[in-house]
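Undergrad: Got a structure for you, questions after.
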Amino acid sequence: MIETKPIDGKAFAAGLRARIAEEVAVLVRDHDLKPGLAVVLVGEDPASQVYVRNKAAQTAEAGMASFEYKLPADTAEADLLALVEKLNADPAVNGILVQLPLPAHLDSMKVLAAIDPAKDVDGFHVVNAGRLAVGLDALVPCTPLGCVMLLKHHLGNLSGLNAVVVGRSNIVGKPAAQLLLREDCTVTIAHSRTRDLPGMCRQADILVAAVGRPEMVRGDWIKPGATVIDVGINRVPKADGKTRLVGDVAYEEALGVAGLITPVPGGVGPMTIACLLQNTLTAARRQKGL
């Protein structure tokens, strides 16, 4: 049986945030440039509120300026777009993030398209998606960026490895595949319609699970010794009526088969905000020509 090592995303993210804070201090000292991140929250979604609170705390901890805009759930689309335009024009704001999901009456794609691509620190704008696809410098979605950072840290050179990404979302699956291609992996994108999904997964040296289905990837889907990146965050009921967090991979089954695996929680999750700060720092530098 293989001894499976958990990948500690929390520790890696803490180190990344510390390095970002050092770089921000140098920017402030040498260029009088304090990177600024604006976060826009529409409505009262509890999970979004917690996430925004965490973002604000970590932004301040990194020495960046944090701007929060909390709008009521019934905000008109024109008013939200006007705020985005105002932030696009504000030189103190280097990164703009509109927290998703938006209330149903707002067109998410239209709102995201209104953000200046140079300030699109979520990496969701079609310009950034297109730049990533053709191999140009782009602001990249935070979660897949964090996944690839963890992979490079633990595996070193990824060139030639077979990578299977289960999930084809614009937020994780597609950009993760693009980033792995950039590292010279041989990449397969699989999804719910893939024929013989377990067999496809068994070919993977790197298996990225990003489908949003609790424990869908079973232990016998994993190639012995493979590295498993579990992006899923799912709440499932416990016998006592409470809930627990699980990923898209059956973690207990993966132990003894995978070589490395990200646990849920504590794996990929902490990397997302750290990479948001990295993107804000990158955006600030590019806007100032540094």
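For all residues, glycine too, the Cβ spot is worked out from N, Cα and C.
Sharing the features that Swiss-Prot gives for it:
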{"type": "BINDING", "residues": "Gly167, Arg168, Ser169, Ser192, Ile233", "note": "NADP(+) binding site"}
Undergrad: Please state whether DSSP places Arg168 (NADP(+) binding site) in a helix, a strand or coil.
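TA: Note: Arg168 (NADP(+) binding site) is coil by DSSP, not helix or strand.
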Undergrad: Give me the non-local Cβ neighbours of Ile233 (NADP(+) binding site): same chain, 6+ apart in sequence, Cβ-Cβ under 8 Å, ordered along the sequence.
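TA: Leu245, Gly247, Val264, Pro265, Gly269 - these are the non-local Cβ neighbours of Ile233 (NADP(+) binding site), listed in sequence order.
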Undergrad: I need the most crowded of these binding-site residues: Ser169, Ser192. Count other C-beta atoms within 10 angstroms of each C-beta and give me the top one.
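TA: Result of the Cβ crowding comparison: Ser169.
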Undergrad: What count of other C-beta atoms do you get within 10 angstroms of the C-beta of Gly167 (NADP(+) binding site), across all chains shown?
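TA: For Gly167 (NADP(+) binding site), the 10 Å Cβ neighbour count is 23.
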Undergrad: Among Gly167, Arg168, Ser169, Ser192, Ile233, recorded NADP(+) binders, what is the largest CA to CA distance in Å?
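TA: Output for NADP(+) binders Gly167, Arg168, Ser169, Ser192, Ile233: max Cα distance 18 Å.
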Undergrad: Near the Cβ of Arg168 (NADP(+) binding site), how many other Cβ atoms are there if near means within 10 Å?
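TA: Counting Cβ neighbours of Arg168 (NADP(+) binding site) within 10 Å gives 18.
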Undergrad: Work out the three-state DSSP category of Ile233 (NADP(+) binding site).
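TA: The three-state answer is coil.
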